[in-house]
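Asker: Found this in TrEMBL, in case it helps:
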REPEAT    A:9-41  repeat 'WD'
DOMAIN    A:9-298  domain 'WDHD1 first WD40'
REPEAT    A:132-173  repeat 'WD'
COMPBIAS  A:308-318  compositional bias 'Polar residues'
REGION    A:308-393  region 'Disordered'
COMPBIAS  A:321-332  compositional bias 'Basic and acidic residues'
COMPBIAS  A:358-368  compositional bias 'Acidic residues'
DOMAIN    A:435-719  domain 'WDHD1/CFT4 second beta-propeller'
DOMAIN    A:727-825  domain 'WDHD1/CFT4 helical bundle'
REGION    A:823-1034  region 'Disordered'
COMPBIAS  A:862-882  compositional bias 'Acidic residues'
COMPBIAS  A:941-963  compositional bias 'Polar residues'
COMPBIAS  A:976-988  compositional bias 'Polar residues'
COMPBIAS  A:991-1016  compositional bias 'Basic and acidic residues'
COMPBIAS  A:1018-1034  compositional bias 'Polar residues'
Amino acid sequence: MPCERKPMRYGHSEGHTDVCFDEKGKCILTCGSDGDVRIWESLDDDDPKSINVGEKTYSLTLKNGKLVTAVSNNTVQIHTFPDGDPDGILTRFTATANHVTFNHSGTRVAAGSSDFLVKVVEVADSSQQKTLRGHDAPVLSVNFDPKEEFLASSSCDGSVVVWNIDEQVQVTSWNVLQKSSDVTNAKSLCRLAWQPQFGKLLAVPVETSVHLYERNTWSLVSSLSDDFITQAINVVVWSPCGRFLAAGTIGGYLTIWDVGTKLCVERQKHEKGYTVCGMAWHPSGGQIAYTDTEGCLSLLDGLATTSHSTATPQQHASSAKVKESKETKDYDDLFDEDDGRFLDEEASESPVKKSALGEDEDDDDDDLMPATGRPRHRSSFLDDDDNSQDTGSVALDRLGAADDASSAVEPLGPSAVAAVTRPMYEGPLPTPPQRPFQPGSTPTHLMHRFMVWNSVGIVRGYNDEQDNAIDVEFHDTAVHHAMHLTNALAHTMADLSQEAVLLACVSTDELASKLQCLHFSSWDTNKEWMLDLPKGEDAQALCLGQGWGAVGTSALLVRLFSVGGVQREVFSLPGPVVCMAGHGEQLLIAFHRGTGFDGDQALGVQLLQLGGRKRQVIQGEPLPLSRKSYLAWLGFTAEGTPCCIDSEGVVRLLNRSLGNTWTPVCNTREHCKGKSDHYWVVGIHENPQQLRCIPCKGSRFPPTLPRPAVGILPFNLPLCQVATEKGQMEEQYWRSVLFQNHYGFLSSSGYEIDEEGQSQAHKEQQELLMKMFALSCKLEREFRCVELAEMMTHSVLTLAIRYASRSRRMGLAQRLGELALEKANQEQPPQHQEEEEEPNYTSRHAGQSRSRTPQQSRREEQEEEEEDEEETQEEQMDTEEVAESRKPRVNPFKKGSASPERASPKTVSTASKEARVNPFKMSGPAKQSASPAGRAASVLDTMTTANRKPAASATTGSKQSKSPVLKPLVPRPKSKTQATLLQMSSRTASKKQEKPQQEVEERGKEKEPATERLKQAQEATSPASAGDNQENRR
Amino acid sequence: MDPSEVEFLAEKEMVQIIPNFSLDKVYLIGGDLGPFNPGLPVQVPVWLALNLKQRQKCRIVPPEWMDVQKLEEIREQERREETFTPIPSPYYMELTKLLLNHAADNIPKADEIRTLVKDIWDTRIAKLRLSIDSFISHQEAHAKLDNLTLMEINTTRSFLLDSLNSMYKLRSNTQPGSAAEKTMDY
């Protein structure tokens, strides 16, 4: 039903109010807690006539020039209308009367009072009173049946009673209301209403629905409800024609139903959501006047009840169409209306509820007006159609004539059918597309807001009476001092980088949308430039990168600028922009790639590389978001990995090593204490792993004052069973892998990288792998061990092999040996890097005292090996290594010698040594050892840091031989206690150790020449002994 | 102990600051501080916070208890109860003084906080005086001083000890006298 909601205007002081029309509908009468009755010529009447009737007025009614009011001195008074002269007291109670009402003819007045009584008084002769006793609590409301046979009353005792007036007895009663002790405590005023004309139906507001009871049978015929009514209904009124029923609720909803079809034909919301406590339908049916508990008065105008009655079914349809029309409506409208609410108001609401109700609610709050504009045309043009089939207005006349039970429902038949046949769309509902936003900003409607908060600084916007200004503040004052600008252009968007501040405003009637850049890092004197966008094009999102800026506009364009103001490339977007982010030479754009359904957003994302070789890295692929959520933040980590956060608080990071997929790395909601608490993210760092965000209590975003403090959240991959040790380590491992992706990206795009950090991360990963390996070993999961080993680098793999054989898993060690060979073949190039890490692992490993391998072997052959020259040992090692890798099938020998082999470092050899080594390396081709030879120098260079760590005997031994300078460094960091501990443990273990060693040797003899066997044993132990010797010497 | 010495001790309390400069970890004898990232809160001792603040290198985040509502609660509790109530920080008075004198602009409602802390202080000192009074008049041998802060103890310690000493002297001089005399001492 099309109607216009007039703005609220002040009527009375705060408190309970009531409203009625005079019989001709010329004026509106209101009463309020200020004790006045005001007579309004119209809603726009600036000088209403005021009649003071008492201290407080609770209710009023008017008929035949007599104004009856219930006032606070427990009386029901009469005043003349329109003069307002006192005309005596109609009746008195021992408590205040809560509701007074005239009968249809205006001869009698019924009043319900807080002293539990209902009185029916003749207006002409106030001595003729009938008292209806029976309620056990204050009476809330009374209403005459239009035929004056019955009177209905509701009371705080929870009952609704129908009385026979003449006999003064209860005809029937329903206990449907909530009990309360007093009117002030009552949930609802429970104003009853009989259907006009014949009183066929009695409407009773029961909680959030209206019950319709049929006359005579007093049975519940139907109940009218609406999804949007969430709070109790206070008042119900019938249209004069009796076809429509309007209800006003505590929450400020005004709902009109067509009683015939039971469909809601109109919904309006009180502009401030105050409780509606008085409603009156204009005698002609075209208006509803209503008042609220704040003393304000307003109208719903243009209700087409009688004149357009046939049109209403179409209006049902059209109200259903509202949703569809939404799709066709211009996006911008929705942006401005729906999504503003969506984003702001929903902040405190639970998101699930939002998604269920969100769009409809939005529709009805504000959008019904624009939306109904369309259906109105529609209904009028369909009118002709329907009139030809069935003249609704005639039907209504008939309704007047026929005193028939069916008449209330029947005449609507054909048109109701029409309404039903019109297909109602019941599939998934489209989600209003979310509005463009700046990442790190708070909603634009706030007077004091953050226009952006990022890793560089904060831009705050103030827009209040005194000031319209922008404050720019830098976290690091070394970048630039704080700035204060007047915001004459009303900029709403901002971005901040180390070089510039970019601001933009939308167009107004006269002015085009403008872009303003404060290029504070410029070395010339002009620190500012400004640019107008073409007419009709509005800036919607902007971002700054290094040396460039970009703006996404309503014309689906992205315009690039240099930071100095040179216009650069322009390109089209596949959909309306949502937000943009820049970092270095990367530009990340989120846009609407289509319509989402059922609360989901359909966003796409583009990632462009603007520097050097310009290319598109991600070509408009869908951006994954949680169900029923929208994008809340988009940006880059400090290291330059794209990242997005949705309204459910899930942080997703682009995984460049897995085909540019998005991996959830954190759920900020898991860290929230309260349901409505959120974290407002301001920055993400990969090294160290930090999610910098501001905890917001009870809202989605922080206020500007008091100044919010930044907190740090950890990342957590959503892996399974993170409570277990295994799950934890897996999570740590994969997180570490994910968060070091940026090294690869940075180095590939030519940035210098923090190599120490990278090697640290690498080390951490290998360490975790080793731990997992040990855990799996303990759990006797050998297959899993091999799987883990596959992820290890070669050097760590040797440790794993050592570990396996020490824990007497020869089968496993053998498999790992095979694996190691494969790896050695594949991984020739990166070996030197791994090399430098190895010492650390060994030490850690040894520290765990699970694997005492190196020491054991060391002790064992310490004496005999002492005279051996270190150099030769090393050579042997090399040969062994190579030989191994070239003989994948010579397993038996390796199986046994797993421990010695472990002790051998891989590729530390020089060309000169190479030559000597050869005798043992019959099968090993020369080229293999040649390649490491070239690397040797660099290995030594990089090794220095690693060497400082408590070094494993193997590597140290080899190194000592080469660079005497390093020698003293080697064992030093190893604390004495540790060393002794290890030695002790190795002593105990050494005896045990001897056996397998011998076995190995025996087995080895079967297939290999004894000499080689010996050498292996030697080389395995000798480096160890060398290392150990040193320790001992100390 | 001097009040300034107590204040010196108070300066070792940690407080959160938001630096506006960038600096790696600082290794000091008392422990490592930092790293300092612009915009990211970090815990530092009060002496450093104040120093940085004076050089306009940081903003100080007031401690959690330095909040009008919390202090009001404490004040009410302090007034309600006979004994000393637990105080959020052992150096509340010193910290309030220090922070409010040097970083009042970073602390919302600084004046109210100053008044509230002074109120709490006054209440507690009044209690302390009262209890000392009864301690002496009843000639108690010992008293329990739970929840008293160092600064509060130091306001009375020297005076109290001296006076107890001299009273002891006086009393021991009058000791040979009669019992009646002894009671009449006070």
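Each residue, glycine too, has its Cβ placed from N, Cα and C.
Structural setting of the listed features?
Answerer: For the repeat 'WD' (A:9-41), the number of residues in each DSSP class (helix H, G, I; strand E, B; coil) is 0 helix, 15 strand, 18 coil.
Remote same-chain residues near the repeat 'WD' (A:132-173) are listed as 95, 98-105, 108, 110-120, 179-183, 185-186, 188-199, 202, 204, 215, 218 (criterion: CB distance under 8 Å, separation of at least six residues from the stretch ends).
On the 0 to 100 pLDDT scale, the domain 'WDHD1/CFT4 helical bundle' (A:727-825) averages 88 in this prediction.
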Asker: Give the residue counts of the repeat 'WD' (A:132-173) per reduced DSSP state, in the order helix, strand, coil.
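Answerer: In the repeat 'WD' (A:132-173), the DSSP-based counts are 0 helix, 24 strand, 18 coil.
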Asker: Tell me the residue counts in helix, strand and coil for the domain 'WDHD1/CFT4 helical bundle' (A:727-825), as DSSP assigns them.
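Answerer: So the counts come to 83 helix, 0 strand, 16 coil.
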